[in-house]
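Asker: Just passing along the structure, written as structure tokens.
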């Protein structure tokens, strides 16, 4: 579990560094550096652990490189998702070769004295940190890849369904963080209310655009609805998988 947590943190760090104001090479470097940093903090220094950390760094680098290529080409590609899923599965299957996280992370958890960290192992702390970071930016990229694959995102220069829905890139991470946080706190009903609330908020907006989208923006209401439904379901699925992983792993 320790190496899986480090991989999630590395991928999340890489995607959080993907901003227009940052140099394009930063995400490529951020992932491997995050693997090195958190590997050291977690005390993962055995031979098998080092091999798995090198694999995690390669996956983070490959993900960042392939996502950047997909964005520049403006087309859907299956390689980024394939690399990420392969890396996660490899860490799940081979993670038993690595020992539990220890080092500075474990010592910090013992001394910090915060109520949420009482009795929390370093492994679980790193996993939760990775899952929350994953929801912030990497999940957005996964949603974008799926939307592009089903044709809900058009080539650059054409009117986009996303232009008709405000705040999706901000609301998505917020709702995923709420679902994951409430689920970890045992408030499953409250987490389901977050999903229902988004649907209720978006429905009047979709209904109001029914007669205007096709004539004004060349984007039909069916395309906007598809974008909303596919994007929302993929976003919720990522949050729920993260919640399930936090409980089962």
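Glycine too: its Cβ is placed from the backbone N, Cα and C atoms.
What TrEMBL says about a protein is an automatic prediction, not a curated fact.
Worth saying up front: this structure is predicted, and the values here are computed from it rather than measured.
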Asker: Choose the correct range: of 156-176, 177-197, which one does TrEMBL annotate as transmembrane segment? Give that range.
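Answerer: Of 156-176, 177-197, TrEMBL gives transmembrane segment for 177-197.
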Asker: If you look at how TrEMBL annotates this chain, which of 2-34, 35-67 comes out as transmembrane segment?
Answerer: 35-67
Asker: So what's near the transmembrane segment (177-197) in sequence-distant terms, Cβ-Cβ under 8 Å and 6+ beyond its ends?
Answerer: 128, 131-132, 135-136, 236, 239-240, 242-243, 246
